[in-house]
Amino acid sequence: GLSRPSKRCIAGGQPCEFHRGYMCCSEHCIIFVCA
């Protein structure tokens, strides 16, 4: 899938700190929304 690791992403549904349009899911930035 389209994901990016993120050390600051913890809670699901939070915007990613440096990937606009991505959401945080399991400490990763996921495009669109959490599955």
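Glycine is no exception: its Cβ is also placed from the backbone N, Cα and C atoms.
Here's what Swiss-Prot has on this protein:
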type: DISULFID; residues: Cys9-Cys25; note: disulfide bond
type: DISULFID; residues: Cys16-Cys29; note: disulfide bond
type: DISULFID; residues: Cys24-Cys34; note: disulfide bond
Open item on the list: Under DSSP, is Cys16 (disulfide bond) part of a helix or a strand, or is it coil?
Closed with: coil
Open item on the list: Please give me the CB contact count at 10 A for Cys16 (disulfide bond), counting all chains in the structure.
Closed with: 19
Open item on the list: Around the C-beta of Cys24 (disulfide bond), how many further C-beta atoms are within 10 angstroms, looking at every protein chain?
Closed with: 21
Task: Around the Cβ of Cys25 (disulfide bond), the count of other Cβ atoms that are within 10 Å - done: 20
- [ ] Mind giving me a neighbour count for Cys29 (disulfide bond)? Other Cβ atoms within 10 Å of its Cβ, every protein chain shown.
- [x] 23
